[in-house]
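Over in Swiss-Prot, the protein carries these features:
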| type | residues | note |
| --- | --- | --- |
| ACT_SITE | Asp333 | active site, proton acceptor |
| ACT_SITE | Arg335 | active site, nucleophile |
| BINDING | Arg30, Glu31, Asp35, Arg144, Val145, Gly146, His147, Thr148, Glu168 | D-ribulose 5-phosphate binding site |
| BINDING | Glu31, His147 | Mg(2+) 2 binding site |
| BINDING | Glu31 | Mg(2+) 1 binding site |
| BINDING | Arg256, Val257, His258, Ser259, Gln260, Gln277, Glu299, Gly300, Arg301, Thr321, Thr356, Lys361 | GTP binding site |
| BINDING | Cys261, Cys272, Cys274 | Zn(2+) binding site |
| REGION | 1-205 | region 'DHBP synthase' |
| REGION | 206-419 | region 'GTP cyclohydrolase II' |
| SITE | His130 | site 'Essential for DHBP synthase activity' |
| SITE | Glu168 | site 'Essential for DHBP synthase activity' |
Amino acid sequence: MDKKNFDTIDAALEDIRQGKLVIVIDDEDREDEGDFIGAADKVTNEMVNFITREARGLLCVAVTMDRAKELQLDPMVQRNTSQHETNFTVSVDAIAEGVTTGISVYDRAMTIKMLGDLSSTADDFSRPGHIFPLRAMDGGVLRRVGHTEAAVDLARLAGCSPTGLLCEILNDDGSMARLPQLIKLKAKFGLKLITIKELVAYQMQRNKLVQRAVESRLPTIYGEFRLIAYESFTDQHNHMAFVKGDVTTDEPVLVRVHSQCATGDTFASLRCDCGNQLASALTMIEKEGRGVLIYLMQEGRGIGLINKLKAYNLQDQGYDTVEANEKLGFKADLRDYGIGAQILKDLGVRKMKLMTNNPKKVVGLEGYGLEIVERVPLEMASNPMNQFYLDTKRDKLGHMIGCSFGPENFHIEKTATKP
């Protein structure tokens, strides 16, 4: 991306503060889309009319988790299978003087404005309606690199109510507007254009999701490591980093981001390959002489120990690991890598050789400005108890198991330059 086409975050915040819209583009490996984003409490009829005419996408309002609870904005569906984990709630219309069907420009502007008004209550809205609220993850773009979180972060940083309106931008023919079309749109209407990647960098300079709590020397059967414990500001979990050698140089560092698996890591369960991957990663780091293993408390791909054991029971009935999660009302993978990225940043890691079979983890970390120069496979020998599990990870979750590890299967070019 040519940096001259983009504006600074501060310039975008000033426009939002003045009641203007900005264009925000996300990662090309995620949705590669541009959205109009503005502050909900600054909305006008003219703004809504402009969005419906020039954007043509779905007009939504991003709210915080706490605000969604206050307004009783329940999830649109019990089982969210959205490809990008978009947290839609039930749609709403404002109950206010002058609001009729909910679809007119005036009606939608009033609904958006009332969603951005912190004095509004649940009784001020009818359900369903014509505006679609989205629940932003706590921690904003530092937890999830999406337009929903960007809208809330930008509104808050601009000094407005932490509620943002957003709408995908489509071309005249109905296709998604990509960067070349968004640059033309920026010039035509004099709008600021920013990237979520730059917003992440901006937030990382000002906010932290974790802080170092304590560091200790830890001799293990794999070798000796520095064990650093981190406290999280967004939940009650403590995360760990196993560090070997100097990881702050420009030389790429061997890195493993490992999510907790008590059954596999501690009790050597044959249902998964987690324990073997953990042991292999620590062994490889010791052999390399330098590296980092981040241990995140995200048991059961984020669903927790109790639900993971419930999923095991379903798997014994014939469900695969993805189907079991979904039957329990969860997505196949609820992990987020924002905290892991912040820990790596705190440790001074700049470039990494990432030990993973999971392409989602690659994209998840790259979204936070970390440069991954190589993917190092961690394929473990299967056993009769986990063969079906490994096949499902390959076939349904896209894990690169039993495939070529050439550069055609792993794109690293885009991390070389920041927009």
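Even glycines carry a Cβ here, placed using N, Cα and C.
A simple way to gauge crowding: the CB of Glu299 (GTP binding site) has 20 other CB atoms within 10 angstroms, across all the protein chains here. Among the recorded positions His130, Gln260, Glu299, Arg301, Thr356, the residue whose Cα lies closest in space to that of His147 (D-ribulose 5-phosphate binding site) is His130.
When secondary structure is read from DSSP and collapsed to three states, Cys261 (Zn(2+) binding site) falls in the coil class. Most Cβ neighbours within 10 Å, among the binding-site residues Val145, Cys261, Cys272, Cys274: Val145 holds that distinction in the structure as shown. On its own chain, His130 (site 'Essential for DHBP synthase activity') has Ser91, Asp93, Thr101, Gly102, Ile103, Asp107, Arg108, Thr111 as residues at least 6 apart in sequence with a Cβ closer than 8 Å to its own Cβ. Candidate binding-site residues: Asp35, Val145, Cys272, Cys274. Nearest to Gln260 (GTP binding site) by Cα distance: Cys274. Fewest other C-beta atoms within 10 angstroms, among the binding-site residues Asp35, Glu168, are seen around Glu168.
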